[in-house]
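Q: To start, I am sharing the structure in question, which I have written as structure tokens.
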Amino acid sequence: MEAAMNQMSLMAGALSSSSIDGGASNNDNNISNTGDGLGVGGSAGDGRRHINFDISDANNENDGTNNDPDQVRELATTTSTGSDYYAKGSAEVATESALTLAKIQHRLRLTKKSDRLVIVLVGLPGRGKSFIARKLQNFLTWRGSECRVFNVGKYRRQAADGACGADFFDSKNTAAAQMRQLAASLALQDMLRWLDNEDNSTNASGGGGGGGGGRTSGMFTTTTNSNNNMRMMMTLMNNERKDRVGIFDATNSTRERRDWVLRECTCRKKRAGKPTGVVFVESICDDVDLLNENFLTKVNTSPDYIGMDQKVAMEDLLTRVKKYEEAYETIEDDTQSYIKIYNLSSKMLVNHIYGRMAKSIVPALMAWNVGTRPVFVCRAGQTMNESTRASLRCSMSRSESLGVQGRAFRDALFGYMQEECLDFINRRQMTAFSPDLNTGTSISGMMNRSVSKMNFRKSLDGDLGCLSTIQSEEVEEADEDLYVGTDGVTPLPFPCYIMTSTMPRARQTVDWEDMPYPIQMLSNLNPLDKGDFTGQELEDIAVKHPEWYEQLVEDPFYTRFPGGECYGDLTSRLESVVVDIEQQVGPVLVVSHVSVLQVLVAYFRNTPVENCTSIALPLNTVLKFTPAKGGGWQESQIRIQTSPSNSHNDLSSMDNTAADANVPAVEEQRTPLARTPVGSYKKIDVMHHAGKGSPPEMVSPSESLPIWGDHAMRDTSYRRHTTMPVLPLGRGAL
Ligand SMILES: Nc1ncnc2c1ncn2[C@@H]1O[C@H](COP(=O)(O)OP(=O)(O)O)[C@@H](O)[C@H]1O
Ligand SMILES: O=P(O)(O)OC[C@H]1O[C@@](CO)(OP(=O)(O)O)[C@@H](O)[C@@H]1O
């Protein structure tokens, strides 16, 4: 430290002496007494640029310095001497020294592409390890890996024949320690066997979390026709191609244990030809309130405490945690790849993390939170109805605007969203200020404008006077902005993070006039790019390009449209959207199109994305996903009855045909709906779905044929059957 200080003062000395004897003419400080103020010198022969200081300037007081802030600012922004370096860096071709080469080699070793990855969770009990494991499994399965969680606790309960008391977790209890090691060892063996594809069971034996990546799971197994058999084979082949990620869920709380896991996974001798990457993810939490809440959750949900009195169970868990704390060693070996997550990702430390971990998993880990905000997704409103389109004999254009039905849906959607979002905010506000801190999480949320600050204060000082005010100020201030429109002035009736594609019909579906919502228009949310086949009907493609069509039927997920995309490509571009949705702590609305929503819904349903082409998405329906405690999502579907006559729409008196004829290249008829169209919607058929896997019946396809496409007019929940036997779909399926 002292040496560094000395060095700094030496440098300062050198600098000041150079400015004092700045009169000396050298190539770095060419000082000229030109009388026209500080100016930029010309280019020196050596390529460097020089500044000419005018030492006659009064501000300089003849000491070569300049105290005029305006001049300094102007110079700083206009002179190019040295500033090119900061703007662009050196233009010289980069060179590699032996040192940088060695560093890169090290990085390469850790980036090496291996088809197998092991993520080892680390942390004391109640730190969210299993929560993180489940989120990881869902995310990685969705984005195309086979992923399975191996929870050592399950093996331990098998080995110990049931639940174990706190003493079992004492590191000095040698018999128990042996049993714990046995459980870990069995789980690890199973994980490695599964990673090496030597385990053909569909569930992780004994300890695995099962998972969306089941090898023969999904709709394809139940069908009998040859197309479907072919597709089943394609699915199996695709699964064979997939990389595998095993998640080892235990406390892994000592260095010895972690080193053992690392050795077992990477031992060159034992695992020759099976390269496996290992990354540790340690969850650290010292927020006492949060921990209390987590422990309560554990006591209420862990199989170890079933049927036990809550108080007794809590005491046992706290003693168990203490035993673990006595032996706990945080990760310190910087030669290993690891990520440390502190207090709900409020801080993260990332060490030797490259490749897909850096690209996908780190952003996802940063985004996940335990907030309870709902996510709403729906298709853009209708442009023109099918009979109109048929009579006009025109195909769908991407730039079409909303028709009468679409505008009615837009208005109805506003009413629905307002009710939902305000209801959410009201409930969260009550939780944030509830005296029972155990009922929710301590994550900051938004305040509801509809309940005034004064009422809050009153409730805090009055009935709920004993409350901790930890959140009050933070909650209010952090989210104030969410209630103000993009113009910075107009108050918004409810807070919502809105994302749409760049298609006019999607943007117009949330075009609630006079309500300047900050809307994220993202091309990532645009429909599947059908390349050369854009605008063509599936029947026509089948006739004109039978070979390509057959391939599509066989492998709907990976067959790429000529010059366009396949669903696999679409999934890649939706990864950042998923992360963006996950990181929100307030309500989110996504307005997009069938193909995109199929992929997104697969994520929320925790089903393999390859099967998403069979997900039906009816028009005028909102799919609402609410976070479940364990990290998954509960689904409900709300069909919204729209009524054009309710929509304050100046076109509402026109008949559908006339209004819907307002198609491509015609600008949308703007409708003055400034007045909140509350009540202009009616919920019908609200379907709830709590588990994972199969969706609510309403949109569950009655057969296992895929549904492709984004045809705006086609309501895919009511597919019509064509008389053409080779076609899985009717007209308009694309
Ligand atoms: N990053 C985190 N830090 C702290 N707590 C978390 C985190 N993520 C989730 N939680 C919460 O921790 C609680 C306990 O989660 P669990 O996964 O059972 O813990 P563990 O497996 O570490 O014993 C859950 O209620 C969850 O909401
Ligand atoms: O083998 P270690 O690293 O102790 O970790 C596994 C243990 O993790 C524990 C720690 O409490 O948690 P959990 O069941 O919640 O996943 C025990 O069930 C389990 O025996």
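Note: Cβ is positioned from N, Cα and C throughout, glycine not excepted.
Keep in mind that TrEMBL annotations are predicted by a computer and have not been checked by a curator.
Feature annotation from TrEMBL assigns compositional bias 'Polar residues' to 57-69. Among the features that TrEMBL reports, domain '6-phosphofructo-2-kinase' is placed at 112-199, 226-369. Taken from TrEMBL, the feature region 'Disordered' covers 49-72.
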Q: Between 0 and 100, where does the mean pLDDT of the domain '6-phosphofructo-2-kinase' (226-369) sit?
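A: Here the mean pLDDT over the domain '6-phosphofructo-2-kinase' (226-369) amounts to 91.
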Q: Quick check on the domain '6-phosphofructo-2-kinase' (226-369): DSSP residue counts for helix, strand, coil, in that order please.
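A: So the counts come to 76 helix, 25 strand, 43 coil.
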Q: Please work out the helix, strand and coil residue numbers for the domain '6-phosphofructo-2-kinase' (112-199) from the DSSP assignment.
A: 48 helix, 13 strand, 27 coil
